[in-house]
Amino acid sequence: SVGFKAGVKDYKLTYYTPDNQTKDTDILAAFRVTPQPGVPPEEAGAAVAAESSTGTWTTVWTDGLTSLDRYKGRCYHIEPVAGEENQFIAYVAYPLDLFEEGSVTNMFTSIVGNVFGFKALRALRLEDLRIPNAYVKTFQGPPHGIQVERDKLNKYGRPLLGCTIKPKLGLSAKNYGRAVYECLRGGLDFTKDDENVNSQPFMRWRDRFLFCAEALYKAQAETGEIKGHYLNATAGTCEEMIKRAVFARELGVPIVMHDYLTGGFTANTSLAHYCRDNGLLLHIHRAMHAVIDRQKNHGMHFRVLAKALRLSGGDHIHSGTVVGKLEGEREITLGFVDLLRDDFVEKDRSRGIYFTQDWVSLPGVLPVASGGIHVWHMPALTEIFGDDSVLQFGGGTLGHPWGNAPGAVANRVALEACVQARNEGRDLASEGNQIIREASKWSPELAAACEVWKE
């Protein structure tokens with residue numbers, strides 16, 4: 001017959017290839033698929049592969065001008081999810097040529113751009129991605145990474161301590177700077193702009209930057225330690241964001257901050273490049289992540305957003321606590337914490353890791369634990385997150401009955417006590433409360449904190 005065969009056709013004929021060997025250069029995705037009643041899983045999986053790569057709903061004659069076999073995504077394996085009715089994990093392989101080099105934005109537009117509103121699916125969740133070495137190498141990644149950050153700050157062998165300045169909205173720049181000074185003077189390494197602090201009428205960004213820089217240098221001079229404050233450079237336009245980062249660099253501060261999901265990956269990658277070129281560390285907040293990752297059967301798991309951030313660039317990222325006010329399951333959280341820090345992570349389904357990921361020496365990111373944590377959580381946090389982490393106590397510092405500086409002292413004493421106990425070989429899991437109690441005997445600030453927040 002002449003021409004091509006017009007009409008609607010089953011996706012699974014073209015896009016379901018169960019015997020297909022994946023290539024080392026493919027991007028692999030694991031989707032949790034919930035098909036509509038009556039839709040077979042093979043068709044649902046194939047539909048996902050098609051819609052997120054070369055497919056469209058009907059045969060088009062321009063298909064003849066390209067090599068589908070070379071460019072199509074393939075659903076190469078489907079398995080039922082244990083304990084769930086009518087849920088499947090569909091594995092899809094995408095040829096590398098479908099993606100623009102060094103663009104997280106394009107990667108997401110392709111893989112999750114269109115397919116989530118698909119009629120044949122009740123729900124769809126992207127659980128994990130395997131980024132091939134060849135694609136990882138097209139990204140700059142974190143501006144500096146864990147080792148360089150430790151060298152810049154001259155802080156080794158312990159987690160770093162931070163504090164988000166509260167009340168998050170309403171303080172004047174000068175009072176804000178004062179709170180920053182008190183926390184840093186008391187013994188914290190970092191203080192942080194809240195994610196919603198950008199440049200509002202009650203406190204414009206330039207004033208805040210100035211007073212925070214002053215606070216930082218004063219605390220630095222008095223303690224002999226290097227201090228930082230995450231100056232939030234997030235803005236309404238990329239140009240304005242870079243302008244703020246430039247001002248931070250001119251002040252000579254060590255670190256700026258960005259909300260990478262609300263700001264967007266394009267803006268984030270631009271900022272990360274600026275930060276590497278100009279010696280700024282970059283702290284990343286994940287505001288809006290729960291909109292995307294909270295539902296168990298639809299959206300995207302946070303580990304995917306975390307991987308994307310490591311490609312796009314950031315030196316710190318918030319990653320849940322396992323113990324405070326925001327939810328997080330221990331094994332799963334540790335799974336993506338390792339994905340952020342380590343150079344090579346083995347596939348381990350019990351920790352939610354669907355693929356072995358090699359980062360080929362891309363710098364690592366420090367996970368930040370924050371949200372409803374206080375001194376009694378310190379042993380658990382030290383044990384769970386280890387040395388390469390930032391522990392952030394907002395209310396857990398500023399809520400101290402004697403004020404901000406004593407709150408900072410309490411946290412620093414608790415941390416040093418836990419690190420020392422661990423180095424002496426004690427078991428933080430079972431002796432944690434005991435360790436904190438012992439330390440509070442010679443630190444009145446810590447004793448007061450222990451009173452306010454009961455174990």
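Note that Cβ sites are derived from N, Cα and C of the backbone, with glycine treated the same way.
From a predicted model like this one, the values you see are computed outputs, not experimental measurements.
Taken from Swiss-Prot as is:
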- Lys166: active site, proton acceptor (ACT_SITE)
- His285: active site, proton acceptor (ACT_SITE)
- Asn114, Thr164, Lys168, Arg286, His318, Ser370: substrate binding site (BINDING)
- Lys192, Asp194, Glu195: Mg(2+) binding site (BINDING)
- Lys192: N6-carboxylysine (MOD_RES)
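For the pair His285 (active site, proton acceptor) and Thr164 (substrate binding site), the C-alpha distance works out to 11 angstrom. Cα spacing between Lys168 (substrate binding site) and Glu195 (Mg(2+) binding site): 8 Å, rounded to the nearest whole number. Of all the binding-site residues given, namely Asn114, Thr164, Ser370, the one with the smallest number of surrounding CB atoms inside 10 A is Asn114.
Of all the recorded positions in the record (Lys166, Lys192, Asp194, Glu195), the one with the smallest CA separation from Asn114 (substrate binding site) is Glu195. Using a 10 angstroms CA-CA radius around Arg286 (substrate binding site), the recorded positions that qualify from Lys166, Lys192, Asp194, Glu195 are Glu195. Checking each of the recorded positions (Lys166, His318, Ser370) against Asp194 (Mg(2+) binding site), the C-alpha distance stays within 10 Å for Lys166. The Mg(2+) site, placed at the center of the C-beta atoms of Lys192, Asp194, Glu195, has further neighbours from the same chain whose C-beta lies within 8 angstroms: Thr164, Ile165, Lys168, Asp193, Asn196, Val197, Tyr230, Asn232, Met257, His285.
In the three-state DSSP classification, Arg286 (substrate binding site) falls within coil.
If you compare Cα positions, Lys192 (Mg(2+) binding site) sits closest to Thr164 out of the recorded positions Thr164, Lys166, His318, Ser370.
The two recorded residues Lys166 (active site, proton acceptor) and Glu195 (Mg(2+) binding site) have their Cα atoms spaced 11 Å from each other.
Only Thr164, from the binding-site residues Thr164, His318, Ser370, place their Cα within 10 Å of the Cα belonging to Glu195 (Mg(2+) binding site). When the neighbouring Cβ atoms lying within 10 Å are counted for each of the recorded positions (Lys166, Lys192), the highest count belongs to Lys192.
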